[in-house]
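Right, one structure below, let's go through it.
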Amino acid sequence: MKASIAIIGGTGVYDPSMIGDPRDVKVDTPYGTVSLKLGSYAGKDVAFLNRHEEGHSVPPHLVNYRANILALKRLGVRQIIATAAVGSLNERMGTNSLVVIDQFLDFTKARPSTFFEGGANGVIHTDVTHPYCARIRQTMLEAAKAEQLSAHDGGVYVCTEGPRFETPAEIRMYKLLGGDLVGMTNVPEAPLAREAEMCYATVCMVTNFAAGISPQVLTHTEVLDAMKANIENIKRLTMRTIAMLEPEADCECQHALAEFGGFKL
Ligand code: HPA
């Protein structure tokens, strides 16, 4: 049982047939058991993990992020491509835009956000100057070009606790602070991947303008409908990225804990 590359499918990206010959696998971790699919694409072993599980049954604040990342690590995954549905605060990033984000602002409140809580695991302070893998980001942008899709190079993702949407006042604040997009899942997923010394990048799909910018109130149905309308673009970008990635590629993300002797969980 192994994979070198993983897809973490966010809202609306639930189709494991993106990978060939998908098989159900369960991986045990100290944080819980993770169900995912293993298959292949372009000659590479690929894992597919549905972030919100069967039927979108797990809300963003209750996703078992640590179990998910550790399960992928234990399968041998070195590179993760994640997708995320987001609202937009930036008029240049309209509905249906693809954005390869490069920074985040963390407004989560009550989620386990690290593998290192003292005790046997110790205390580790991870550098997140570049929170997303520059190499995968570049590959995603090249994949978009190859697929003739337009994708924004960079964007600041504001991660809220959810599961409610935001107030217009919150959105005005996030915009003042430099946010471009708002979602509920990229933290702690991205920093946990860094702690686990895995390359990780996210492509966001804008499903709506955020509360107060959008002329109407927000609904989850609107988000799902926009994802459905754009699912082919996300699949093309994701699969082309996988086709272009070297399974054994190495970069600094995979040595993020060198100062602490590496990731040993
Ligand atoms: N806010 C938070 N998360 C989201 C949104 C939003 O407007 N759209 C899609 N995910």
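Quick reminder: no glycine exception, Cβ is built from N, Cα and C everywhere.
Automatic prediction, not curation, is the source of TrEMBL annotations.
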Out of T167, T185, T202, which is the one TrEMBL records at the phosphate site of T11, R51, H52? T185
Taking the Cβ of E166 (site 'Important for substrate specificity') as reference, which residues of that chain separated by at least 6 in sequence fall under 8 Å from it? G87, T160, Y174, V182, A210, A211
Let me spell it out: for each of the binding-site residues (T11, T185, N208), count the other Cβ atoms within 10 Å of that residue's Cβ, using every protein chain shown. Which one has the most? T185
Using a Cβ-Cβ cut-off under 8 angstroms and a sequence gap of six or more, which residues of the chain neighbour F209 (substrate binding site)? G87, S88, L89, G94, T95
Integer Å value for the Cα distance linking M184 (substrate binding site) with T11 (phosphate binding site) is 11
Under DSSP, is H220 (site 'Important for substrate specificity') helix, strand or coil? helix
Whole-number Å distance between the CA of H52 (phosphate binding site) and the CA of N208 (substrate binding site)? 20
